[in-house]
Each structure stands twice: as C-alpha cells, then as structure tokens.
Amino acid sequence: MSNRLINWFKFASPATFYPLAEKIWRWSTLIAVVLIAVGLYMSFFVAPTDYKQGEGYRIIFVHVPAAWLSMFIYLVMAFWSVVGLVYNTRLSAMMTSALAPTGAIFTFIALWTGAFWGKPMWGTWWVWDARLTSELILLFLYLGFIALQGAIDDTRRADRAGALLVLVGVVNIPIIHYSVKWWNTLHQGASVSVSSGSSMSSIMLWTMLIMALGFWAYSIAMAMARVRCIILERERDTTWVSELPEVRQ
Amino acid sequence: MKARHKRFGFIAAGLVGLGLAAWLVLNALDNNLSYFFSPTEVVENKAPADHVFRLGGLVEGGSLQRGQELTIRFVVSDGANRVNVAYTGILPDLFAEGQGVIAQGRMGEDGVFIADEVLAKHDENYMPPEVAEALDKAHNQATEATN
C-alpha cells in the first residue's frame, strides 16, 4: 500500500487529519464568505426580475442550492458510513456525525424558503405532494440520525447504529430527486439538469451556481470545524492530544 | 476473502435489497403518489367519480369567463382533452390563461368540475421580461410566416 502516489490511509488517522482539517477549515471559510457575499449581491442587485413571478422568484437563489446540499450531504454521509462499516475506521464515523447538523439545517432552509415561495406563487404554504413530502422525510432522517447517535453512550455502537440508519435512509435520495419526474407534483420540474441544460437565463443561472458553490464551501468549513471538536473529544486520553499546543496551555 | 470484503458484500446486498423493496412499494402505490389527475385521465374515467380529487393542466387560452358574483369558469386542458371548471373564490397571483393550474374539487353531474381550491403551478422557466417578450415576438413571427 506504500507504492501509491498519495497514501490516503495516512489521513484515516485522527492525529494526522486534525492539522489538515484546520487548513481546510480556514480556506473553505474564506471561500464561503467571498462566494456567498458575491452570490447574495448578484441575487438582489444583478439578476433581473422574472417575467412572470416578479421579485419573489429571488428566493430560489437560496432555496435551490440549499435543497441540492441537503441531498448531497446525505450522500456523503452514506459514503462515510460504508467506509466506516467496511474498514472499521474511526474517522469516517466522526465525519458522518460532523456532517449531519449542516445537512439538517440545509433541509430545513429548503423547506422553509419553499413555503415562503409557495404562498405567493402557488397560493399555499404546504401541500403533501411527492417532492415536498420526501424532502420532509429527509429532515426526519437527519434528526433521527442525530438523536440515535446521541442516545447511545458507547461511541462505537452509536457509530454503527447511526451508519445503518443513514444507509437505510439513502433510498430516499433518488426518490426526492426523481419525484417530479415519476409522478404529477405541484412542485415544478428541475430548471437545471446535466442532460438537458438549463431553462433559466444565464445570469440567473450563474447567480445560483455561485450561491451553490458558496454553500458547498460553507458545508466543508462547518464539517471540518465540527470534526476537529469531535476528534479532540474522542481522543482526549491520547498523548498526541495532550501534546497539542492549544491543549497544553 | 477478507472480513472487510465480506462486510462490503453484506452492505451492497442490503442496499440492493432495500432498493428493490422501495421500487416494489413505489410501483404498487403508483398513481396514488401523484398529486393530481390530468384531463385525459379524467376523460378516461381514471379519476374517482364520487369523491374529491385534484385536476391539473393548463388554463386554455380564451376560456376564462368571469360570471355573476365571484364564480369564474375556465377550461383545463392537457392538449389532448379538456375539462370545464367552475370556481368560487380568490385566485393566486400566477393564475392566468395559458398558465399551469391545479384545482381541487369533485365532478358535478353535468360534467363540470366544481373546484373548492385553485393553486397555480409554476413551470421550470425563469427569465427576465425582455427575453420573454423577444421569445413571444419570435414565436408570433414564426407562426405568421407559416400561415
């Protein structure tokens, strides 16, 4: 395993990942602040008014990136769960726990901003159509994961139970994504897709992509900050933690 | 076969089984997960005749009639079939001819759908008004040229 270009397994050790996480955290915080500032400025002042919805459509610049992230973070959690269950690595379970609150917040933001948009555009805050309901189930999966992990005192058992819950819930992600295609829903179809391009004007699309990248950087920054805390908490009895400058003083 | 290969096999098999189960459930539920019925489904008697359901489609151009008091009448169409709708109440902002709409109510005996709630359905297009105008103009020119 030592003949590879980069030995990825080196970073599976919390002791080597801890300083790397600090670097990633610093850089991604900076990127997130810049991108979200630019994205919000474009959302409010650069992007033109929509031909039908007027100014109210601007909520999509937060709604759509938040909804993308809510699904993507869950997939990343599922990836770390598989790695954790297969290789029995400690760090992957820590990553799963570190990502969950950010995913839950983005799911909540997607639902909340969606309700704000739905009231003036559709005429209702909430309907039980397939897209909205499956996204609500995603919020319950995030909250269920956090609660389950918190309820089990033994960390190794908590990690495994949490990983199993995440993997069972992963079937929900394609359902959310394809719900607007498979069934008649009140929610509109995707405006942006890999296969058929975009049905938005380009300046609106760019604004949304910049916001999405900003949210990505924010998620990475939050996950790194949180995973550092989890590492310190779980490894507090080891010598490398007691020798850290921030711990010694 | 190492222990970790075995564990990976268990997880993969579990996910495949779970996906299969989900697929079977969703297939069995099929249309019950749809939020509304299209006019074609209504004409083919696939919509429930004796209780409340939702009807979705486009408000046909030129079909909107504002009648006595607050009752309005319009036609919901999906291109192939049309259903007459009567509704008494306040319409959402996006409601217009040619716009997507979802009405909740039941079929009257005269074949008119009596709605007690009307929601506007937005499509996935977002553009500034100038672009929409330009598209309209191009479309009109194209239809004139063919006529």
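Glycine residues also receive a Cβ, built from the backbone N, Cα and C atoms like all the rest.
Noted in TrEMBL for the protein shown:
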type	residues	note
DOMAIN	A:23-187	domain 'Cytochrome c assembly protein'
TRANSMEM	A:27-47	transmembrane segment
TRANSMEM	A:67-87	transmembrane segment
TRANSMEM	A:99-118	transmembrane segment
TRANSMEM	A:130-152	transmembrane segment
TRANSMEM	A:164-183	transmembrane segment
TRANSMEM	A:203-225	transmembrane segment
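The transmembrane segment (A:130-152) makes no contact with the transmembrane segment (A:27-47): fewer than 3 of their CB pairs lie within 8 A, with pairs spaced 6 or more apart in sequence. Under the criterion of 3 or more C-beta pairs below 8 Å, with sequence separation of 6 or more, the transmembrane segment (A:99-118) and the transmembrane segment (A:203-225) qualify as touching. With respect to Cβ pairs under 8 Å, the transmembrane segment (A:27-47) is most closely packed against A:203-225, considering the stretches A:67-87, A:164-183, A:203-225.
Over the domain 'Cytochrome c assembly protein' (A:23-187) the predicted model carries a mean pLDDT of 92.
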